[in-house]
Structures are given as structure tokens and as C-alpha cells.
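*Asks:* Okay, so TrEMBL annotates it like this:
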COMPBIAS  142-153  compositional bias 'Polar residues'
DOMAIN    163-213  domain 'LysM'
REGION    142-161  region 'Disordered'
Amino acid sequence: MDIYLIDPSGPQLHLPVNPEEITIEGSKKIETVNIINIGDIDFPSGDERTGISFSSFFPREYDSSYCQYADIPTPEDAMNQLITWRTGGKPVRLIITETSVNALVLIAKTTHRYVGGEPGDIYYELTLRQWREIKVRTSAEASSGLTTTTAQRSRPDTKPIPKVYAVKPGDSLWKIAKLNFGDGSKWKQIYELNKKSIGPDANNIAAGMKLVMPA
């Protein structure tokens, strides 16, 4: 399993160490009304936004026993990227391979700490909330049938959805580019997007490796 956070404007973070568990929480909004001679009656009024939370750490040094790839980011750079996304308030795409999770999320909360005896490592907790676009129609738009929304004008470009490809035995980047885009010369785009996972040698891919495909 690999976990990616991808900013539509460019930056992305491939988490170097997987969390032990990921919690996905969903709930229904319930409005309770008291009716005379009947009592409390519950009325469903929509779904709460899905919440996703997990904790892990950014190691200072690569260790093949728990790191997902060799060219890991520095703990400070990785943590600062999470904080930048949180303070920016714009959605990023969360992809968790080997699951159905591929959604736009807001980083709602970040917590990080330093542990004695582990210099340079940063332990963190992350809380995400599913992004939901708010559509607002003005009176003029409603009367004219227009559907242009304030949110659509101001929200970042979030399309197309990135795709993750699982490397198969005998694959090469050229072969993968030819299969997915009909043009083997696009292998360089795949390599640049996954350079941290692949390393300096573009031929260093192995069966089972997860590659994020260019949009």
C-alpha cells in the first residue's frame, strides 16, 4: 500500500512510512424534533463529510524495513508541506493504493512531535475531511437558468483525477507509457512524476511498484 497527497497545482507527497492503521469515519446528520403527545422524532438531514485520520512518522534516515522508497524527503520538508497545505485551505487529492480511496480532501488538523532518542525524526498525526464543493446561485442566475457558481470560479482546478498504475513483470517505463497513452515517448513524464520512488535509474522499476500517471 502507498499513500499519496497530490496538490493539483504541482507539489505532491508520497508518505515514506505507512501508518499502522487508517480510520475512515462517516456519519449522518440527524435533526431531532419533539412532537407533543408523540415525543422525539429523528429526521435525517444529510451526510457529514467523511473524515480520515492516521498517524505515522517522517524518518531522518532511510530504512528498508519500513520505508516505502529510498529517496525519502527530509522530515522538515515533509512536515512543512503538510502545514502549508493546511494553512492554505485548498483541497489536495488523497490516493491510498490497494483501497478505493481516491478523493479530494482538506487537511483539517496536523499535530507533530519529536521523540527523545530519535534525533531528526518527526512523528505526526493527520486529520483530513472530504472536500465538498459548495454551489451558490445568485438570484439573476437562478431566474435565467445559469448554473455558474462562486465556488467553481474560485476553487482550484481539480481535474483530471490522477491514476495509479501497478508495475507488472516485464514492464518498462516506455511500455507503460505506450499502454496508457499510446505514446512510448511519454515515459519521461512518468519518470519525473515518480522520480523519488524510482531513484536516479529510470530502469529501476519492479513488479508491484505503484506509479502515479501524468494527467
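Even glycines carry a Cβ here, placed using N, Cα and C.
Any TrEMBL annotation is an automated prediction that lacks curation.
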*Asks:* What average pLDDT does the predicted model assign to the domain 'LysM' (163-213)?
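*Replies:* A mean pLDDT of 86 is what the model gives the domain 'LysM' (163-213).
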*Asks:* Provide the three-state DSSP residue tally for the domain 'LysM' (163-213): helix first, then strand, then coil.
*Replies:* 23 helix, 8 strand, 20 coil
